[in-house]
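J.: Heads up, here are the entries from TrEMBL:
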- 1-168: domain 'FeoB-type G' (DOMAIN)
- 214-240: transmembrane segment (TRANSMEM)
- 275-297: transmembrane segment (TRANSMEM)
- 326-343: transmembrane segment (TRANSMEM)
- 355-379: transmembrane segment (TRANSMEM)
- 391-413: transmembrane segment (TRANSMEM)
- 451-470: transmembrane segment (TRANSMEM)
- 556-575: transmembrane segment (TRANSMEM)
- 587-611: transmembrane segment (TRANSMEM)
Amino acid sequence: MRAALLGNPNAGKSALFNALTGARQKIANYPGVTVERKAGRIELPSGDSVELIDLPGSYSFDTTSPDEEVTRKVVMGEFPGEARPDVLILVLDAANLEQHLVFAQEVIELGLPTVVALNMVDLAERDGLTLDPAALSSALGVPVVPTVAVRRRGLSELITAIDAAEHRAEDIGHAEPRPHITLPERRLAASNIAKAGILSESTERRLHTRLDSVLLHPWIGPPILFALLFIIFQAVFAWATPFADALDTGAGMLSEFVTATLPEGFVRDLLTEGLIAGVGSVIVFLPQIVILFAFILLMESTGYMARAAFVMDRLMAMVGLSGRSFIPLLSSFACAIPGIMATRSIADPKDRLTTILIAPLMTCSARLPVYAVVIAAVIPETSVGPGIGLQGLVLFTLYVLGIVGAMAVALILRSTVTKGAASGFIMELPRYQLPRLQDLLIGLWQRAWVFLRRAGTIIFAATVVLWLLLTFPKAEIGESQLDASFAGQISAAIQPAFDPIGFNQEMTLALVPAMAAREVAVASLATTYAVDSEDDAETEEALREQIAARWSLPTALAFLAWFVFAPQCISTIAVARRETNGWKWPIVMLAYLFGLAYIFAGATYWIAVWIGL
Ligand SMILES: Nc1nc2c(ncn2[C@@H]2O[C@H](COP(=O)(O)OP(=O)(O)OP(=O)(O)O)[C@@H](O)[C@H]2O)c(=O)[nH]1
Ligand SMILES: [Mg+2]
């Protein structure tokens, strides 16, 4: 049998799905997190097993956005290759009952066996609401089970109710077709049903209202947001440094150990120059990635992220985007792929396309290793004010450049190809919550694992291929290995295109495998320098030191500017193709991003040379 979880966005459907099936779907404290259907399995006490489906949140079956469309199709049995669910599990937010009861009426009227999970009763209690599930159940005509998904409360009762609903399934006939009910009528009904279900209500929401009046204030809100972002980028450098240094030292020691134990030759060189230098140079950025995500996860779980979207709404409106685009764009700071997928919650097709096209300009975490290694190499570790490090400031600036670039592009797109009026902001604000340590740790672990898995797969493979291309054919006496190698020949062929913007040959070479993933640029530089180094001691040096010794400041800055814009990630292009159903827009995206990267890198280089850096 099949059961589907549905309800308004941010009701806790995915949290419930995870609790019931043991899955680890992403949950976060803002609407629009789930944009696809996800299936899992639960066992009933009767021994039957149920296929449970987690669906994107929905406000209505009269849908316009692509994610709500998925929910409607699955529930109506129109989803290709999928039978209609036998039981619906309607998830309601107990603390926002009235809003959630609007869609609930549509669901219950379908006449399918339905069980209500009255979720977040803990928050309702915190807000001073006392609920009466029995009264709610008789008002709605379906069983109601109070739950707290994140604390696994009410799960067994819910399972029992699902089991019972299945058995009821057989004797439910087809519901009478209903006359069309208007939204105001539904709202009125929702209000009445909520009144029946709520026994008493006290006003303890005051603290949160006061917090909102500060954080959402048109003048105070934006500086708070920027200050917070600023602190994050300072922390990425300041806190990570000891850990990153320790990892660097570890890699150096490992390389020394391999050099001392293995006989000279192919295997030893592959290990030290390819794997330890190449892959190791990326892994040392794990602490920075973890710190960045710790902040992001904190902002997501407390409910601040949705406020940030609200604060940004005015700014976004100025460039013709809606606040709806904020969450997809924000997800793109982790990676443009989930970011582009999250645009499914944007109903307006032009709004959505614009957001897809600018998502790659948000600084994804794959750029962090590139930025961090170059900044650590060429920007001095000085402070420019009390507690403000220059390195963190430069990093912050690069992130801001990406955002400013994205806004500028959005403005241009919205007044040309994706012309149209910006739609208003319709996201509801989630409640403030204290983050749960366990969720935070799981989230961090998942992020770290994604990063390490990339290091072990794409980056590993690209590095080995590159090392082979760099090592063969062997150089004659007096000739440099880089020039003699296949890789050297390839980069020499494309070098003329990059001479005008100040790139050296190693940089040009790094751009080729970096198409697979941006971090590979770092691995590529490290491997190139390791192969190119004179002796073992130099091979073991950290990439940062090699760059510091070899690159001029204008060259290094040009490289940073390139990576702010360059679309170097095949997977992003592939996702853009899938989400826009064709090659037209991904090609537009590639062309404009490469164009911008080239222009900005060149401008940076020449301005830096001109002012004598
Ligand atoms: N306190 C409390 N928090 C909950 C409960 N259930 C879910 N949450 C939190 O509510 C937020 C939203 O949960 P999700 O499971 O992502 O919500 P969803 O319904 O899947 O949302 P969409 O995928 O956006 O439709 C998360 O921050 C959860 O940790 C609950 O019973 N009590
Ligand atoms: Mg969800």
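Heads up, the Cβ atoms here are built off N, Cα and C, so glycines get one too.
Because TrEMBL annotations are produced automatically, they should be read as predictions rather than curated entries.
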J.: Can you tell me the mean pLDDT for the domain 'FeoB-type G' (1-168)?
T.: 91
J.: Please give the sequence-distant neighbours of the transmembrane segment (326-343): residues at least 6 beyond its ends with Cβ less than 8 Å from one of its Cβ atoms.
T.: 30, 32, 35-36, 293, 296, 305-306, 308-309, 312-313, 316, 352, 355-356, 358-360, 362-366, 399, 406, 427, 447, 569, 571-572, 575-576, 579
J.: Is it the case that the transmembrane segment (587-611) and the transmembrane segment (355-379) have 3 or more CB pairs under 8 Å, with pairs at least 6 apart in sequence?
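T.: Answer yes: the transmembrane segment (587-611) meets the transmembrane segment (355-379) with 3 or more Cβ pairs below 8 Å.
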J.: Which listed stretch (214-240, 355-379, 451-470, 556-575) has the most C-beta pairs under 8 A with the transmembrane segment (275-297)?
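T.: Answer, by Cβ pair count: 451-470.
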J.: Same-chain Cβ contacts of the transmembrane segment (556-575) under 8 Å, 6 or more residues past its ends?
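T.: Sequence-remote neighbours of the transmembrane segment (556-575) are 336-337, 340-341, 359-361, 363-364, 366-367, 370-371, 374-375, 377-378, 398, 401-402, 405, 501-503, 507, 511, 514-518, 521, 547, 586, 589-590, 593-594, 596-598, 600-605, 608, 613.
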J.: Let me spell it out: take the transmembrane segment (391-413), skip the flanking residues so only those 6+ beyond its ends count, and list any with a Cβ under 8 Å from a Cβ in it.
T.: 229-230, 233-238, 315-316, 319-321, 329, 333, 354, 357-358, 361-363, 371-372, 375-376, 379, 381, 384, 560-561, 564-565, 592, 596
J.: Short question: which residues 6 or more past the ends of the transmembrane segment (355-379) have a Cβ under 8 Å from it?
T.: 236-237, 281-282, 285, 288-289, 292-293, 321, 325, 328-330, 332-336, 339-340, 343, 346, 390-391, 394-395, 398-399, 402-403, 405-406, 409-410, 413, 451, 454, 517-519, 521-522, 525, 543-545, 547-548, 551, 553, 556-557, 559-560, 563-565, 567, 569, 572, 576, 579-580, 585, 588-589, 592-593
J.: Using a Cβ cut-off under 8 Å, which residues of the same chain at least 6 positions beyond either end of the transmembrane segment (451-470) come close to it?
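T.: Contacts of the transmembrane segment (451-470) (Cβ under 8 Å, skipping residues fewer than 6 from its ends): 269-270, 273-275, 278-279, 282-283, 286, 289, 365-366, 481-482, 485-488, 490, 513, 516-517, 519-520, 523-524, 527-528, 531.
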